[in-house]
Amino acid sequence: MIILGFESSCDETGVAAVCTERGLLAHALHTQIAMHQEYGGVVPELASRDHIRRVVPLTRQVLAEAGLTLADVGAVAYTAGPGLAGALLVGASVAQALAWSRALPAIGIHHLEGHLLSPLLAEPRPEFPFVALLVSGGHTQLMRVDGVGRYELLGETLDDAAGEAFDKSAKLMGLGYPGGPALARLAEQGDASRYDLPRPMLHSGDLDFSFSGLKTAVLTRVKAATRDGGELGEQDRADLAAATQAAIVEVLAAKAIRALKQTGLRRLVVAGGVGANALLRAHLARALKPLRAEAYFPPLSLCTDNGAMIAFAAAERVKAGLADLREGDHAFTVRPRWDLADIQAG
């Protein structure tokens, strides 16, 4: 079965075609970074309007690249939540309208399930069970994954997500949007040892996270440097960026390793936008060696929000017998707030 997937939960418009037997056939992605840069963050109304402009051309592009027509499509999938309500409604409306016009089933997918399963698009493909570290701008969670739809929450952030800590710290340093990648690039030129920043909850003994204290510590350093009309010099900014990144990465890696030890598992899947961070990947590669454990990441091109992960998650649900393939009446809703535990498979 060929599934056409749509992602529009925030500031990326993604469309993809996935075959349940052959995997990813084609995907196309448009990012709104340039549009939101002048505002320093995502403007929900602008995001929704841009999704409307982009989704049909991207759909045509994917079908052309895959050598398909709508007659070849057996089901449609879309991100049903969580995310920005207006943005979610664009992808959901297009998917449901297309499904209605072709008498096809429409499958609503949890955004985080898309991220969680996206490393399975790469080779070698991790086998179940595994521990998943989901790290993005809006979420930081550790999950035990025993199969598609079989997820156990092990720990999560109690305040800011890791990606949010990157972005907010970058903003405090006067870096551009999106802050996380800008901070990571600047950190390459810095000396992390110059600033002693906290590692919140590093030794808490549990698998939860907290990054608000780190953000406050960064603010304190910036205020100290700019007191009495001073400014944060270029090298100071690079050093502070390096120290901030090192603190976030150390906590993420330590908690992930603790999760592996507590569960007895030896496979770690890392997904979400922060999963593209080079220091995190390198740090985990070193830290996992003594455990004889392996880390799995999605391709860099699929770390951000994308349609491929949504179509693929739908395909995995179809193969696991967890998708309702009846056509239905195409009445639908979206869920801006949605706990991943709510989609457990029995």
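First residue shown is number 1, and so on along the chain.
Backbone N, Cα and C atoms are what each Cβ position is placed from, and that goes for glycine too.
Summarising the annotation, Swiss-Prot assigns Fe cation binding site to His111, His115, Asp305. For His111 (Fe cation binding site), the same-chain residues 6+ apart in sequence whose C-beta sits under 8 angstroms from its C-beta are Glu7, Ser9, Thr79, Gly81, Pro82, Gly83, Asp305, Ile310, Trp338. Under the DSSP three-state reduction, His111 (Fe cation binding site) is assigned to helix.
Per Swiss-Prot, the feature substrate binding site maps to Leu134, Val135, Ser136, Gly137, Gly138, Asp167, Gly180, Asn277. For Asp167 (substrate binding site), the same-chain residues that are 6 or more apart in sequence and have a Cβ closer than 8 Å to its Cβ are Gly137, Tyr177, Pro178, Gly179, Gly180.
In sequence order, Leu112, His115, Leu116, Thr140, Gln141, Leu142, Met143, Ala271, Gly272 are the residues near Leu134 (substrate binding site), counting only same-chain partners six or more apart with C-beta under 8 A. According to DSSP, Leu134 (substrate binding site) is assigned to a strand segment.
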